[in-house]
Amino acid sequence: MRRLEVGIVGTGYVGLVTGACLAHLGHSVVCVDIDREKVESLSRGEVPIYEPGLEEVVGGALRQERISFTTDLPATVERVDVLFIAVSTPPGEDGAADLSNVASVAREIGASLARRGEKSPLVVVNKSTVPVGSGDYVSMLIEEGAEGRDVSYYVVSNPEFLREGSAVYDTLFPDRIVIGTDSREASEAMRELYAPIIEQSFPTSYDPRPKAAVPFIVTDLASAEMIKYAANAFLATKISFINEVAAICDLVGADVTNVAHGIGLDSRIGSRFLSAGIGWGGSCFPKDVSALRSIAREYDYESTILDAVVAVNDRQLKQVVSKLQRELHTLKGKRVALLGLTFKPNTDDMREAPSLKIARTLDSLGARVVGYDPVATGPASEAVPQMKVVTDPYAALSGAHAAVVVTEWDEVRNLDPKQVAGLMAAPKLVVDGRNVLDPASVEERGLLYRGFGRG
Ligand code: UDX
């Protein structure tokens with residue numbers, strides 16, 4: 001493989017994982033961030049996010065001198081062959097993605113491009129999730145930054161599909177790589193960059209390798225941008241769909257886990273993302289679904305399906321409260337333990353975590369809320385100061401009238417029902433918001449079990 005000089009702007013989730021993995025493949029990577037302190041701590045190998053395997057990959061790349069961190073974007077633009085924009089695009093008040101970070105980076109790239117001299121055109125890669133049409137917008141901003149000077153570059157879209165908690169794995173073993181560009185030279189540069197992943201030829205301790213080869217898809221810019229939104233919206237739809245089925249299962253006395261198993265074996269449906277429960281949260285689904293709805297609205301198109309997907313997801317949270325109210329009658333003065341606070345296991349991310357909304361609602365109804373999480377204790381108590389956050393699940397359960405499994409951490413799945421029953425106060429209600437407990441063995445110990453769609 002040819003070793004490329006790669007720049008990554010933004011050392012958040014996507015930027016840092018992408019940079020570390022590209023360095024692991026053998027490229028020479030420089031990561032740029034405006035946060036000087038973060039740059040210094042990353043240079044020492046201190047990874048600010050909880051992501052399995054990431055610290056090892058960053059550490060390995062630092063030792064091999066394949067990765068470095070800087071605040072100097074202009075010098076990076078002058079040096080690299082490929083430059084990723086991986087800054088955040090948070091939702092604005094109207095749900096549309098806020099592109100101000102992308103815009104200021106693009107302008108600065110434009111301003112520095114003229115100094116690249118005779119080097120081949122810079123391949124600028126949009127890795128941030130941006131509205132359809134943003135590729136052209138980035139080109140416009142680069143030109144604006146260049147102020148009439150002659151600059152040569154390509155803008156490419158390369159959407160990101162990694163999941164938090166398995167971000168390194170997903171980057172090295174993706175289901176596909178999608179590139180949006182109308183330039184052959186740019187798509188060839190991207191193919192070269194990803195060659196070790198496409199051919200699965202990089203060193204790995206996975207034996208056997210999970211993938212033989214990875215499809216590399218080249219399409220136009222707008223379609224690549226749309227693929228990202230459509231993929232996330234489809235997955236959110238799949239979850240809301242099974243949650244709708246779960247609600248009907250509850251009415252007719254069926255068990256949604258059996259139903260999901262039965263439909264998932266149909267290869268046209270597939271068994272993944274059919275776990276019913278509290279619903280979807282996190283940094284991507286809520287943001288991307290609302291951005292896609294807002295893109296459609298700009299064209300006077302109201303997405304009936306996505307509106308329903310969001311409505312079902314909102315309803316799931318209300319169901320947690322109504323399940324508690326049904327068994328506890330009033331929530332006033334009742335102690336409720338929330339087990340698992342991050343939006344999903346194996347991450348410390350609290351963005352759009354269902355636990356926060358549940359905690360706030362329960363508090364407003366007069367309940368005493370105690371939260372347990374194996375990693376995110378600090379951010380959780382900051383976000384909801386009324387909630388007492390503890391680091392021992394049994395301490396959270398002690399004296400609790402009800403417990404809600406909000407996030408299916410192993411530490412929560414593996415709680416000992418006998419010990420839990422001994423600690424809780426009547427009616428010892430367990431609302432299994434992720435359908436991960438075995439109802440029979442929980443009830444055997446004298447706990448009252450309520451799942452989602454389990455009849
Ligand atoms: C998601 C996409 O999976 C990823 O491809 C994209 O790049 C970013 O968004 P992530 O947000 O990390 O990744 O989490 P994911 O594992 O997809 O879960 C999203 C939410 O859906 C979580 O709140 C999870 O609890 C929920 N979920 C997932 C369900 O409720 N049921 C399921 O069956 C699967």
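Cβ coordinates come from backbone N, Cα and C, glycine included.
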One of Lys238, Lys287, Lys418 listed by TrEMBL as binding NAD(+) at the site of Asp33, Lys38, Thr89, Thr129, Glu164, Arg351: Lys287
Candidate from Lys211, Lys228, Lys428 that TrEMBL assigns to the same substrate site as Phe161, Leu162, Arg163, Glu164, Phe273, Leu274, Ser275, Ala276, Gly277, Gly281, Lys344: Lys228
Cα separation, Cys284 (active site, nucleophile) to Phe161 (substrate binding site) (Å, whole number): 10
Cβ neighbour count (within 10 Å, all chains shown) around Asp33 (NAD(+) binding site): 21
Distance from Lys228 (substrate binding site) back to Arg351 (NAD(+) binding site), taken between C-alpha atoms, in Å: 19
Sparsest Cβ surroundings (other CB atoms within 10 Å) among the recorded positions Leu274, Ala276, Cys284: Leu274
Binding-site residues near Lys228 (substrate binding site), in sequence order, restricted to Asp33, Lys38, Thr89, Thr129, Glu164, Lys287 and a 10 Å Cα cut-off: Thr129
Proximal but sequence-remote residues of the same chain as Arg163 (substrate binding site) (Cβ under 8 Å, at least 6 apart): Asp170
Cα proximity to Asp33 (NAD(+) binding site), best match among recorded positions Leu274, Ala276, Gly281, Cys284: Cys284
Whole-number Å value of the largest CA-CA distance among Phe161, Leu162, Arg163, Glu164, Lys228, Phe273, Leu274, Ser275, Ala276, Gly277, Gly281, Lys344, listed as substrate-binding: 24
